[in-house]
């Protein structure tokens with residue numbers, strides 16, 4: 001027998017559940033509150049309740065029981081040594097495990113004997129775990145995830161043994177062959193892997209949507225004349241999300257035929273599948289399929305090759321209430337899971353609420369095509385509002401006393417008898433009396449009058465509360481936008497404080513819807529959420545179904561909080577880079593100063609220049625001007641003296657030439673020098 005829960009791949013996944021292998025004596029069920037509960041199927045009693053530390057942020061997505069009688073650890077002193085009772089108990093505890101896949105990619109191993117968490121498998125996946133399967137011989141665990149990978153775990157060391165890519169899209173389901181040498185994986189296509197080489201042995205067409213159920217239906221092929229290699233000739237079954245057909249495939253030796261050989265038709269998407277495996281050619285396969293609509297379909301068919309027409313169910317089982325006590329009409333009770341007992345002639349039914357399920361054993365009767373079981377399921381978690389309202393009694397209070405009406409803090413109203421109000425409404429107005437105003441009439445009817453406009457003509461918190469309730473009841477986006485776009489903290493708090501309690505949950509749904517929109521709108525809605533949770537926390541804590549109602553809001557907040565850490569790290573790195581770039585730019589600006597001289601002074605000689613520089617440093621600005629004038633005068637005088645000297649030299653030369661012509665020149669140089 002084999003069972004598989006199709007909790008993955010659907011739009012609204014149901015609570016994952018799994019029966020213990022062998023005698024189906026235990027049922028593991030994880031409810032919407034994130035708690036794992038293990039029930040004893042014969043007595044329907046709760047055996048264990050485990051609350052993971054991250055049960056709200058990392059919801060349970062899949063469950064799988066470890067097979068009994070797994071490979072025992074080798075003995076250190078040889079095979080002849082007898083084991084003690086304590087060692088035998090420890091060996092039993094070691095393989096009495098329940099694998100829990102979570103939405104964040106980690107796998108928890110819970111020991112049902114010890115009643116505590118034994119280990120945690122991390123580092124293999126970084127996204128939602130869709131399916132976990134135990135190997136029946138070596139104690140290994142296989143898991144698949146939204147990250148497109150399949151991981152083989154060593155549960156002794158809690159480390160990844162092997163990891164490979166299973167599909168181009170997310171891998172949603174796994175199944176191990178009866179001999180333990182092959183592995184079936186499915187996303188939208190179905191692949192058969194060789195566990196030793198991790199290579200694809202066969203490919204199958206698959207479904208149009210993600211596969212949610214995958215299980216082998218036979219142990220040996222129908223034709224036993226040929227040698228059996230472990231998988232050739234075997235049949236396996238697959239179901240997919242939003243698909244009303246369960247397909248049956250046959251593993252052939254050739255690679256030509258990749259399509260399904262037959263199919264079973266059901267009324268809705270399958271969420272839980274259990275079957276009795278066929279061990280011979282004459283033994284039919286019994287199949288129990290629980291659909292999303294809460295019905296159970298039973299099939300019985302001999303797998304003998306291709307069948308063109310889809311097979312219908314032999315029997316359909318439904319459960320409903322009698323409708324005699326409090327309900328006017330019978331109401332359907334959903335079936336959560338079903339499993340065949342060891343005798344293959346009886347069936348275990350799990351129905352009702354996931355927090356308090358009812359487990360019942362019934363014998364199979366396939367002579368009737370439709371069976372409706374009448375069961376009175378008590379809704380212990382639901383509030384009986386009709387009974388509480390009918391038992392309310394109005395106390396007799398004097399006219400001076402004022403009573404606070406629940407749900408509207410700060411509002412007071414005097415309790416008036418109904419007879420006085422009715423007498424006042426029914427009494428006729430006398431000719432001399434004044435006509436009552438509308439406010440007086442509403443007061444006589446005990447209806448609270450709300451003034452929309454007050455002094456100044458601006459709407460106040462009373463009108464905002466009324467508008468908010470009207471917008472929620474009529475689902476008018478114009479009214480809701482007008483109210484929810486305010487940014488004043490005091491106005492938001494007063495508005496939330498004055499709305500009635502029955503409008504709190506619709507307001508939270510509206511805020512959740514708006515949180516998923518534009519970031520500016522999300523930042524606005526956070527202010528309203530803060531006020532709702534702080535003011536109406538006591539009311540929200542009294543709701544029994546608060547977890548499923550606020551599940552989407554919590555997941556939305558949790559996903560944003562997870563990205564906040566990454567964004568803060570990115571912001572810090574960007575801030576460091578920007579500051580470093582700015583600092584480098586400042587340094588470059590400081591080194592790129594224009595170093596070209598505005599004034600260049602060239603010296604004629606070093607001595608004169610140095611003396612002039614010393615004199616220039618000592619003299620004041622006035623002396624500098626005077627020196628410039630003197631310098632200019634001296635230059636002019638020098639020019640005149642040079643002209644005069646040139647004139648004198650030219651005169652002397654003319655006189656010497658005349659003497660030479662006249663013969664008056666003195667030829668003796670000594671006399672000439674003496675004359676000079």
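Any Cβ shown, glycine's included, is placed from N, Cα and C.
Checking the ranges 392-414, 415-437, 438-460 against TrEMBL, the region 'Disordered' annotation falls on 415-437.
Per TrEMBL, the range carrying the annotation region 'Disordered' out of 45-66, 67-88, 89-110 is 67-88. Restricting the average to the repeat 'WD' (122-157) gives a pLDDT of 91. Counting residues per DSSP class in helix, strand and coil order gives 0 helix, 17 strand, 19 coil for the repeat 'WD' (122-157). Long-range contacts of the repeat 'WD' (122-157) within the same chain: residues 8-9, 61-67, 70-71, 73, 95, 97, 99-107, 109, 163-176, 180, 183, 185, 187, 193, 195, each at least 6 residues beyond the stretch ends and with a Cβ under 8 Å from a Cβ of the stretch.
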